[in-house]
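Student: Once you've had a glance at the structure underneath, I'll fire off some questions.
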Amino acid sequence: WTNVTGEQTLCDWTTMVSVGCSHLEEMSKMGTDLPRTEFYKITQAPISLSESRDCWCMETEPILPEDRLFREGEEEEEGSPNAPHGMPREPLLAMTLQIVLPFLLAGFGTVSAGIALDVVQHWEVFKKITEIFILVPALLGLKGNLEMTLASRLSTAVNVGKMDSTSEKWNLIIGNLALKQVQAAVVGFLAAVAAVILGWIPNGGFQLSHAVLLCSSSVATAFTASLLQGIIMVGVIVGSKRKGINPDNVATPIAASFGDLITLGILAWISKGLYSCLDSRPYVSGLVCVSLLSVTPLCVAIASRHPASRALLYSGWEPVITAMVISSIGGLILDHTISDPNLAGIVVYAPIMNGIGGNLVAIQSSRISTYLHFHSTPGEVPEEARGCYQPWRTFCGTGVNQRSAQVLLLLVVPGHVVFLFVIHLMKSGHTTLSPIFMGVYLTVALLQVFLLLCIADWMVHFIWSKGKDPDSFSIPYLTALGDLLGTALLAVGFRILWVLGDGDSDVGD
């Protein structure tokens, strides 16, 4: 091993790692700049799970070492073992087809969730404990906080070759699934607390039994739905890799396609079951909540065995919890909008608006993140993304990210038209598809996705410039903002429709 001073040292790899880490810490304290090539020699060393506990391991460590970064204009020599692992080149048609099919599948999933919410809003538990509506965006947003983040992380790992090794692949999968269960249990509990507080502020009070039921329903829903969706998500990503499909294009929409319906169905049935036991066996709700939270330490122990997931146990909470709070504010808007009989029609369209916006921006975020992993190192933003942000940078140009943004924005209007007519054919919804309604609704949808794509372009590059991994930080914020923007803009749109005399909330009730 050659250290940064040029001295030759003969030692085994365990000694090299511990000495290297100590030397890095000393140089960091002294303010000395470490040459990048030496940094990668140390950070890319094969640290075992037990020994890595004695050495700091950052979640922001680059996935690709510098000698494998792909720069624009470089040519790959086929058959060369030292050729850079170049970013896969996608024809526009192939990219569009890979995005459209999962997008439609995800859209039909959100349509199903909207129709289901339209049905369960009439159940007694939803009428008596209206704070459940505050939980809906926060729990449905778990697909953005957890499922889509998992999909984005594993998709990037697949694209850069981190899952080629069987042992490394299963370490990544098991560590990330365990981490996701910890986050699901904690976020589910905090979402219930937020729902109780947000419900108490306008009403001036709450019942303890209802608060316990909210906590139990939220934790049980988050834990169960996260486990089911995580297993399916892993299968989708591994299957995409084997079939030669870019998982960045399909993983996040497929995560959303079944995520909304599964989560909403579990929430409705668990809430209904616990509500039926509220008078006869009131202890059941508390027992369910305590039992699921008691499993969390086991998941923490499993997640801590892999360096990447262990790092996220400490650094991955800020975006998840912040996104939950943002989604809960959207849930408060939904709760108050549904309580207005003149705006009752919003209930079936809110999951569709929020889900589609979140799906599209998650695809773009995942693609930009993969692009950055290939073309630069954390903390270094590509030349074309430097300087003050301008919206035209997101959509104007022939780069891979601009092309994908153009495709995603063009999908908004035809996609929503298809989903609106599906709702109409199924005799659901509370609003007639009049020209005024279609114009207002599609304008709201376009504005939401346009804003989200602009925010995604700025946010992913900003997070990368701070040396953090956008796969773990950007999607929770973006999908939560999608929930908030979608619900707020949709409420404004329905208010405009009512003022214009285009409201008929009794239709399909």
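Note that Cβ sites are derived from N, Cα and C of the backbone, with glycine treated the same way.
So TrEMBL says this about it:
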| type | residues | note |
| --- | --- | --- |
| DOMAIN | 136-269 | domain 'SLC41A/MgtE integral membrane' |
| DOMAIN | 351-491 | domain 'SLC41A/MgtE integral membrane' |
| REGION | 67-87 | region 'Disordered' |
| TRANSMEM | 92-117 | transmembrane segment |
| TRANSMEM | 182-202 | transmembrane segment |
| TRANSMEM | 208-238 | transmembrane segment |
| TRANSMEM | 250-271 | transmembrane segment |
| TRANSMEM | 283-304 | transmembrane segment |
| TRANSMEM | 311-334 | transmembrane segment |
| TRANSMEM | 346-363 | transmembrane segment |
| TRANSMEM | 407-426 | transmembrane segment |
| TRANSMEM | 438-463 | transmembrane segment |
| TRANSMEM | 475-500 | transmembrane segment |
Student: Which of 283-304, 311-334, 346-363, 438-463 has the most Cβ pairs closer than 8 Å to the transmembrane segment (475-500)?
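Tutor: Looking at each of 283-304, 311-334, 346-363, 438-463 in turn, the most contacts to the transmembrane segment (475-500) are made by 311-334.
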Student: Name the range, of those listed as 283-304, 407-426, 438-463, that has the largest tally of Cβ pairs under 8 Å with the transmembrane segment (311-334).
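Tutor: Stretch with maximum Cβ contacts: 283-304.
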Student: Taking residues 6+ outside the transmembrane segment (438-463), which of them lie with a CB under 8 Å of any CB in it?
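Tutor: Cβ under 8 Å, 6 or more out: 349, 353, 356-357, 360-361, 364-365, 368-369, 372, 381, 385, 389, 391, 393-395, 401, 405, 408-409, 412-413, 416-417, 420, 469-470, 473-474, 477-478, 481-482, 485-486, 489-490, 492-493, 496-497.
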Student: Restricting to the same chain and to residues at least six past its boundaries, which positions have a Cβ under 8 Å from a Cβ of the transmembrane segment (283-304)?
Tutor: 174-176, 178-179, 181-182, 185-186, 189, 209, 212-213, 215-217, 219-220, 223, 274, 277, 310, 312-313
Student: By a Cβ-Cβ criterion of under 8 Å, what residues six or more beyond either terminus of the transmembrane segment (346-363) are in contact with it?
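Tutor: Same-chain contacts beyond the flanks: 99, 103, 106-107, 109-111, 113-115, 117-118, 121, 136-137, 140-141, 143-144, 148, 152, 248-249, 252-253, 256, 260, 264, 330, 334, 337-338, 404, 408, 411-412, 415-416, 419, 423, 428-431, 441, 444-445, 448-449, 452-453, 455-456, 475, 478-479, 482-483, 485-487, 489-491, 494.
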